[in-house]
Amino acid sequence: MKGTIFAVALNHRSQLDAWQEAFQQSPIKAPPKTAVWFIKPRNTVIGCGEPIPFPQGENLLSGATVALIVGKTATKVREEDAAEYIAGYALANDVSLPEESFYRPAIKAKCRDGFCPIGETVALSNVDNLTIYTEINGRPADHWNTSDLQRNAAQLLSALSEFATLNPGDAILLGTPQARVEIQPGDRVRVLAEGFPPLENPVVDEREVTTRKSFPTLPHPHGTLFALGLNYADHASELEFKPPEEPLVFLKAPNTLTGDNQTSVRPNNIEYMHYEAELVVVIGKQARNVSEADAMDYVAGYTVCNDYAIRDYLENYYRPNLRVKSRDGLTPMLSTIVPKEAIPDPHNLTLRTFVNGELRQQGTTADLIFSVPFLIAYLSEFMTLNPGDMIATGTPKGLSDVGDEVVVEVEGVGRLVNRIVSEETAK
């Protein structure tokens, strides 16, 4: 695999049945209207035969599934044309901790090291009636059929490409049933399906997995982009949320990034496109189980982004979902990195946003709920951070319209210019 791993939750009918009561939670009080997307970042991806690390004190579930492999660039693909964009399929295992809620992104449950084994790509034309088997230590443990998915492969590719450009090598995990197989250290997990080579991985106590030898991917053009929601108390109050007790972390896909003096598209028929000036922390060396006291040693430097959000698309599932935050070109970012040494205190910087020359947003990183060292320590506790990974630290309180010029700046780090255009102008 060489691309982004997208995955979909709540896509099996058994999940929809199991979560009916939860679907009535405020504020939406409805089941998901669209596919519920998430991302498996590069630290999760391993190949056949590599160990799945077992986190101490946790329950671990094997989620046998199949991955659609994108064969060519796909943007706004119609369902009936989807087959033209599919290079093939691969067996995969969406390893996860149990989830008690789908309200927030499941970073700690889904994005730990080695939590996404993927097998070899096979050039099959259709997997809409495929039985997927799981064996534990050579014995049958579970099976299910893809005909029970809420949305099939073609529908998922069409739905995702509506807002996110897919590139060759990107993958889409098609989902898992509600009931999955519990696994323990010492187990060998084998995923099988007709027409595919088996995908087999040992489960190993994470303390025995010292270093990741390799990723079965080509070098990434940039690292994983983590982003923070509600990390300024005034922004949380503006959105009528209590400040979180634990960081609200979500992931942004590579398609969302654009540069300085570029344009971002405001979708038609929406009301709430928010601009969000953010300080971005760039990781300089591999970090795993880093203490808060040592965390700044792993920072290479800083840059600036504008983390636009289309809040019209918020639902109750993995808020803020990919339709809100990972649309094409929705995250302008400066390409230059200011070295850590040039910023003595990243927690004493002024952030400003100007719209058409008018100051609309101003805040200070002194008001961060979770500091830079805390965020690095928090993330590295359950996943490996790699050089080039980035953490967008959140935004103070502060809508943008077609034709607006939006300038965001972070004191001492940089100034980023972006213009908002309509869907018609962008064509």
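The backbone N, Cα and C atoms fix where each Cβ goes, and this holds for glycine too.
D307 is the residue from D297, D307, D312 that Swiss-Prot records in the divalent metal cation site together with E276, E278. Of all the binding-site residues listed here (E276, D307), the one with the fewest other CB atoms within 10 A of its own CB is E276. Note: E278 (divalent metal cation binding site) has non-local neighbours A227, V304, C305, N306, D307, L351, A392, T393, G394, T395, V408, V410, i.e. same-chain residues 6+ apart with C-beta under 8 A of its own C-beta. Each residue in A227, Y275, A277, C305, N306, Y308, A309, T331, A392, G394, T395, V408 lies on the same chain as E276, E278, D307 and has a C-beta within 8 Å of the C-beta centroid of that divalent metal cation site, without being one of the site residues.
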